[in-house]
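S.K.: Let me give you the structure first, and then I'll get to my questions.
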Amino acid sequence: MKTIVLKLGGEIVHSPELDLVARDLRTLVDGWNRVAIVHGGGPQATALQKRLGLETRMVAGRRFTDEATLEVMKYVVAGRLNVDLCGRLLANGVMPVGLHGASGHAIQATRRPPRVMQGAGPEPVDLGLVGDVVGFNLPLLGDLFERRYVPVLACLGCDDAGQALNINGDTVASQLAGALRADALVLVTSTPGVLRDVKDPSSRIPRITRAEFERLVADGTISGGMIPKLEESFEVLRGGARSVVILGKLAPGDLEAALLEPGSAGTVLVAD
């Protein structure tokens, strides 16, 4: 039996790829594996903000969250996307349970204090109603796993006073994988893994160690937004997870293959 945390980007939730993920998930759950899903909703939140005439303010790649933005995130992430995702999973034979931070305090958080952020200048930045994960309701998740349910967590945390807080989905998934000491954290993205040439899907790198990652950054093969994503992924390995898989542009069976035969699909990150 393995413990798997699956992170789905908002762009995946309404794509045909989700059905491929769901079918592989059913096979994994039928094999008594414990699976938890974390999802974001950035693209959908930005689209709704535009429709409502609200400004989307990004600071060093992070969404500034005021009261109006938090209301959008509640509607989009904890509402529509969570319901739609659970519905698609249910249609494919998976038994999901939709959760967010206020659901049994599933995602416990505190408001992030102002801090200096790379790419945002020397002064501390206040991101507003943004949270840092401080824990999870692991007994609740354990009970769901025992009954072969799949927890589906929207990336909204909640503090002890009941205040909802926006949290980056990759961060929630990474922290959850560490807390569960997961066998694998799988990041399902819009790319088929880490590529030597971003324009050539066939240049996928099957396996990367920490030392190899540092070499690939130094020679420019890995750059831009992929650097912090992989940095955080390697921190997950230090925190107790056994492997991280970056996967996308899925074909039937890719998720199951990536877990059963690491490196056969996507890119697997390992500590050494």
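Every residue gets a Cβ built from N, Cα and C, even glycine.
Pasting the feature list from Swiss-Prot:
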type    : residues                    : note
BINDING : Gly41, Gly42, Arg63, Asn166 : substrate binding site
SITE    : Lys7                        : site 'Transition state stabilizer'
SITE    : Lys229                      : site 'Transition state stabilizer'
S.K.: Of all the binding-site residues given, Gly41, Gly42, which has the fewest Cβ neighbours within 10 Å once its own Cβ is left out?
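M.R.: Each of the binding-site residues Gly41, Gly42 was scored; lowest Cβ tally within 10 Å is Gly42.
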S.K.: Quick one: pull the CA-CA distance for Lys229 (site 'Transition state stabilizer') versus Gly42 (substrate binding site), whole Å only.
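M.R.: Between the Cα atoms of Lys229 (site 'Transition state stabilizer') and Gly42 (substrate binding site), the distance comes to 16 Å.
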S.K.: Beyond Gly41, Gly42, Arg63, Asn166, what residues of that chain have CB atoms within 8 A of the centre of the substrate site's CB atoms?
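M.R.: After dropping the recorded site residues, what remains is Gly10, Gly40, Ala45, Thr46, Thr65, Met73, Val76, Val77, Cys155, Asn168, Gly169.
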S.K.: Between all pairs in Gly41, Gly42, Arg63, Asn166 (listed as substrate binders), what's the biggest Cα distance, rounded to the nearest Å?
M.R.: 12
S.K.: Could you check the recorded positions Lys7, Arg63, Lys229 and say which one's CB has the most other CB atoms within 10 Å?
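M.R.: Ranked by Cβ atoms within 10 Å, first place goes to Lys7.
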S.K.: Through the lens of DSSP with three states only, how would you label Gly42 (substrate binding site)?
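M.R.: In three-state terms, Gly42 (substrate binding site) counts as helix.
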S.K.: Long-range neighbours only, meaning 6 or more apart in sequence with Cβ under 8 Å: which ones does Asn166 (substrate binding site) have?
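M.R.: Arg63, Thr65, Thr69, Leu70, Met73, Leu129, Val130, Gly131, Cys155, Leu156 - these are the non-local Cβ neighbours of Asn166 (substrate binding site), listed in sequence order.
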S.K.: Three-state secondary structure of Asn166 (substrate binding site) from DSSP?
M.R.: strand
